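According to TrEMBL, the feature signal peptide maps to 1-20. The disulfide bond annotation in TrEMBL covers Cys22-Cys145, Cys59-Cys65. Annotated domain 'Peptidoglycan recognition protein family' per TrEMBL: 23-165, in sequence order. As annotated by TrEMBL, domain 'N-acetylmuramoyl-L-alanine amidase' applies to 36-171.
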Amino acid sequence: MNKFAAVLVLASVCLAGVSAQCPRIVTRAQWGARAASTAQLPIRPAPWVVMHHTAGAHCTTDAACAQQMRNIQSFHMDGNGWADIGYNFLVGENGAAYEGRGWGRQGAHAPGYNDRSVGMGVIGTFTNGIPNAAARNAAQQLISCGVSLGHIASNYWLIGHRQAVATACPGNAFFNEIRNWPRFNPNV
C-alpha cells in the first residue's frame, strides 16, 4: 500500500507541473459547442503553430467569449460548410483558452498547414492594437502546454496566418507582436 500511495503522490506532482503550464481551458461542453466530427491530425506532434485573430468582436468575460465561440462555430459550419469551428483553440481577453477542435484534431484554418499544425487565435480584431496581456499570456501558455502534453513538437515553428495564405490575419498589430515570440519563423 505504501508503494502505491507513493506512486500516486509522484503522479499527482507530475500532473500538477504539467497543468501549471496550461491556461484555464474552457471545454467544448462548457462553451456550448455543437456536435461535430473532425479528422485526427495526421502529423503528431504538430510541427507548426499558426496564429490567427477572428476579425470580429472582442470578449473580456466568460459569457461573452462563450457566445463568440458559438457565433464563430455557426459561421464556420453554416456559412463555410466546414465540419466544425476551424481552429483548434481560441483565446479570449478574459485570459481563458477555448477548446475548438482541440488537441490532435485537424483544423480548417490555414490551407497547406491544416494537416500539420495547431491553429490558435485570439477572439477579436487586432489590426490596430494587440490583444491585452491576459490574452497574450494565455496564448503563449497554451503553446507551452501543447508542447508539455506532446501535442506540439518541442522544435515547432510559429507563424501568422498571413504567412500561409493571402490574408490580413492575424492583423497587422498582432502579427508584429508575434514576430517577437519564441520560435517565430519569418522564412516560410
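Counting starts with 1 at the first residue shown.
Cβ atoms here come from the backbone N, Cα and C positions, even for glycine.
Unlike curated records, TrEMBL annotations are generated automatically.
The shown structure was predicted, so the numbers you read here are calculated from the model rather than taken from an experiment.
Each residue contributes its Cα atom, and for Cys59 (disulfide bond) and Cys145 (disulfide bond) those atoms are 23 Å apart.
Other C-beta atoms found within 10 angstroms of the C-beta of Cys59 (disulfide bond) number 25, with every protein chain shown included. Using a 10 Å radius centred on the Cβ of Cys65 (disulfide bond) and all shown protein chains, the other Cβ atoms total 24. On the backbone, the CA of Cys65 (disulfide bond) and the CA of Cys145 (disulfide bond) stand 21 Å apart. Looking at the domain 'N-acetylmuramoyl-L-alanine amidase' (36-171) alone, the prediction's average pLDDT is 97.
Highest local Cβ density among the disulfide-bonded residues Cys22, Cys145 belongs to Cys145, counted as other Cβ atoms within 10 Å over all protein chains shown.
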